[in-house]
Amino acid sequence: MTTLLDDLVSKALRRERPTRSEALAVLGGAEELLDVVAAGAKVRREFFGKRVKLNTIINMKSGLCPEDCSYCSQRLGSATEILKYSWITPEAAADTADAAVRAGAKRVCLVASGRGPGNRDITRIETTIEAIKKDNPHVEVCVCLGLLSDGQAERLAKAGAHAYSHNLNTSEERYADICTTHTFADRVDTLKQAGAAGLSPCSGAIFGMGESDSDIVDLAVALRELDPDSVPVNFLIPFEGTPLGQRWELTPERCLRILALFRFYFPDVEVRLAGGREIHLRGMQPLALHLANSIFLGDYLTSEGQPGEDDRQMIADAGFVVEGVEEQTLPGARHDLVAVRRRGAGTGLPSNT
Ligand code: SF4
């Protein structure tokens with residue numbers, strides 16, 4: 001007789017997604033936490049071995065956003081005392097990127113507050129990518145500028161951006177509860193534009209905003225339909241001065257169950273442990289490395305992360321290694337994409353023409 005977790009592991013190794021009831025059982029505590037982590041770890045090990053990819057965030061423009069995302073310290077009307085500044089220069093961004101690469105980062109995420117970029121902003125980012133690549137030609141540059149307009153994704157791809165990041169954040173049903181100035185559909189549309197332009201799609205979530213288990217499953221399903229290459233899993237950082245500033249509802253166990261569920265939904269995709277890990281997982285962060293294969297190194301957009309040295313020590317202590325620049329993150333073998341022909345010549349079925 002197989003257990004729920006055996007079935008989930010077998011399915012994940014075949015890249016099949018969990019059923020809704022299986023997913024709800026993982027979140028609901030039907031299985032012991034350490035058994036859930038061990039099951040997720042088997043899947044993580046199969047596709048990513050012991051590697052941990054390091055990423056770093058550069059906040060190109062901070063604060064003063066006209067949008068009202070209720071989790072965000074940069075939102076319209078935020079009373080959080082964050083750093084506020086307009087665009088940093090391409091040279092300043094390149095210097096920051098260079099320091100991060102020397103500390104082990106493989107991906108640099110260029111992020112700017114705002115609803116979306118104007119064409120002058122895209123020009124700024126093009127120049128910034130050029131400045132970063134001058135000294136670090138192999139670093140992956142991911143761009144995160146909000147909602148894109150026609151032609152902007154193509155410009156970013158041409159400038160050498162590797163990926164575009166735009167989180168769905170929460171389920172479609174709950175989206176209007178966390179933001180009223182744009183919609184879930186707007187976000188999906190931008191992700192599709194980025195993917196169509198050849199940028200690697202990066203999209204994830206923020207948990208701890210009052211969502212139910214059912215919302216979490218809805219979001220995982222919606223994200224999987226977008227077929228992202230990387231999925232950041234954030235845990236709400238409740239900034240005082242934002243509408244969600246008093247929400248401290250996450251426990252380390254809840255975070256680990258969510259991460260395990262995301263590993264089952266995204267077995268061979270980069271699952272990135274993102275903002276909020278220090279404050280919500282606390283001493284349980286090393287266990288999360290058995291589920292996520294990627295973390296952010298250094299500070300976040302408007303809050304400080306734990307020192308890079310502590311992260312590198314934690315990775316080594318837990319028996320993992322930092323992924324090298326020459327190593328491929330995603331598995332190269334995608335046999336699920338190869339369909340053996342069963343129509344046309346030699347069969348009784350019409351050909352696919
Ligand atoms: S998440 Fe982005 S769009 Fe929303 S308020 Fe913050 S900076 Fe603005």
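Every residue, even glycine, has its Cβ placed from backbone N, Cα and C.
Now, the feature entries from TrEMBL:
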- CYS65, CYS69, CYS72: [4Fe-4S] cluster binding site (BINDING)
- CYS109, CYS142, CYS202, ARG272: [2Fe-2S] cluster binding site (BINDING)
- 47-277: domain 'Radical SAM core' (DOMAIN)
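Ranking the binding-site residues CYS109, CYS142 by the number of CB atoms within 10 A of their own CB puts CYS109 at the top. Around CYS202 ([2Fe-2S] cluster binding site), the C-beta neighbours below 8 angstroms that are at least 6 residues distant in the chain are CYS142, CYS144, ALA163, TYR164, SER165, HIS166, PRO228, ASP229, SER230, VAL231, PRO232. When the binding-site residues CYS65, CYS69, CYS72, CYS109, CYS142, CYS202 are checked against ligand 1, CYS65, CYS69, CYS72 have a Cβ within less than 6 Å of one of its atoms.
Excluding CYS109, CYS142, CYS202, ARG272 themselves, the residues of that chain whose CB lies within 8 A of the CB mean position for the [2Fe-2S] cluster site are, in sequence, ASN55, ARG107, CYS144, ALA163, SER165, SER230, PRO232. In the predicted structure, the domain 'Radical SAM core' (47-277) carries a mean pLDDT of 96. Summary of the [4Fe-4S] cluster site environment: with the site residues CYS65, CYS69, CYS72 set aside, the chain residues having Cβ atoms within 8 Å of the Cβ mean position are GLU67, ASP68, TYR71, SER73, GLN74, ARG75, LEU76, SER78, SER113, CYS179.
Put plainly, the binding-site residues CYS65, CYS69, CYS72 were compared by Cβ crowding within 10 Å, and the winner is CYS72. There are 23 other CB atoms within 10 A of the CB of ARG272 ([2Fe-2S] cluster binding site), with all protein chains counted.
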